[in-house]
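The transmembrane segment feature in TrEMBL is assigned to 6-25, 37-56, 68-87, 99-122, 128-150, 162-185, 235-263, 283-306.
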Amino acid sequence: MENLILSFNVVAPLFLMMVLGYFLKYIKIFDQHTLDVMNKVVFKVFLPVLLFYNVYTTDLETVFDGKLILFAVSGVVILFLILLLFIPKIEKENRKRGVMIQGVFRSNFVIFGIPVATSIYGDGNAGTTAMLIAVIVPLFNMLAVISLEIFRGSQINIKKILKGVVTNPLIIGAFVGIVFLLIGIKLPTCIMETVEDVSKMATPLGLILLGASFAFSDVKKYLHETIFIVITKLIVVPLIMIPLSVFLGIRGIALLTLTIIYGAPTGVSTFQMAKQMDGDSDLAAQIIVFTSFFCIVTMFIWIYILKSMALI
């Protein structure tokens with residue numbers, strides 16, 4: 001029961017913010033123009049600052065684990081490549097392909113990672129999770145940009161894809177954070193506090209805008225795609241990757257972190273990125289909402305099993 005409450009307390013606030021956004025749109029506080037402008041601000045300002053802050057504040061010296069990083073990165077990249085080959089065989093529309101690929105490989109790691117780790121292991125013991133956030137989140141964003149750029153037009157343009165990657169605000173935010181972290185640039189306290197405050201706006205505002213953009217009329221329209229992504233994302237992928245992690249001897253908070261990477265719901269920024277890069281943002285909204293909802297059950301099951309077997 002404790003694990004169920006933990007999973008619920010992590011996911012429920014995300015849903016409540018989505019509900020708030022839907023309600024604000026329903027009572028006409030938001031109109032479509034306002035949503036378009038605010039989504040652009042979140043994508044170009046708040047999310048890049050959030051990524052910069054998460055990367056920049058990571059203490060790599062005390063928690064660095066090369067083998068864990070290699071396994072996590074390899075798993076995500078291999079999964080991405082499999083999806084890149086498989087999704088076009090079952091989906092004919094380019095606008096949906098990139099979104100579906102993101103829907104499976106890209107997790108809500110920033111929002112789920114630290115809260116779940118600290119809830120189980122306590123404050124001050126989530127360094128491994130923070131380390132992987134600094135590596136995996138930029139990787140998520142780079143692969144997401146590639147997947148959307150590949151299916152953005154009728155022809156694949158390598159030059160255009162590379163330009164889309166290097167000019168993407170999320171990639172820039174993460175890259176600047178890595179540079180500052182590796183060089184050891186120390187920002188003044190007043191600037192860091194400002195960066196922290198701005199970064200805290202990204203997720204709540206992104207969720208509110210997501211809720212405001214959600215349409216129940218789209219549920220039936222995207223039903224087959226959504227069911228496929230929910231099952232693949234929350235059941236199939238974890239069912240492969242978690243036992244593999246255990247087989248390789250990964251235990252404790254490292255195993256918990258990998259469970260979150262592969263078993264958390266689809267990342268919220270998937271919606272903003274699809275919106276700004278000509279993907280099917282309505283499908284992205286459906287995927288985020290339903291993976292977040294069903295994750296309450298699946299994440300509880302994974303955590304319960306791993307704790308029962310004394311693996312975490």
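Heads up, the Cβ atoms here are built off N, Cα and C, so glycines get one too.
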(message) So if I exclude everything within five residues of the ends of the transmembrane segment (235-263), which remaining residues of that chain have a CB under 8 angstroms from its CBs? That is, six or more out.
(response) 65, 68, 71-72, 75-76, 79, 104, 107, 109, 112-113, 116-117, 120-121, 125-126, 128-129, 132, 136, 295, 298-299, 302-303, 306, 311-312
(message) If contact means at least 3 Cβ pairs within less than 8 Å, sequence distance 6 or more, would you call the transmembrane segment (283-306) and the transmembrane segment (6-25) in contact?
(response) yes
(request) Grab the same-chain neighbours of the transmembrane segment (99-122) for me: Cβ-Cβ under 8 Å, and only residues 6 or more beyond its ends, written as numbers and ranges. (result) 6, 9-10, 14, 50-51, 54, 76, 79-80, 83-84, 87, 91, 128-130, 132-133, 136-137, 140, 143-144, 147-148, 203, 225, 228-229, 232-233, 237, 253, 256-257, 260-268, 270, 273-274, 279-281, 283-284, 287, 291-292, 299, 303, 312
(message) Under 8 Å for C-beta pairs, could you tell me which stretch among 6-25, 68-87, 128-150, 162-185 has the largest tally with the transmembrane segment (37-56)?
(response) 162-185
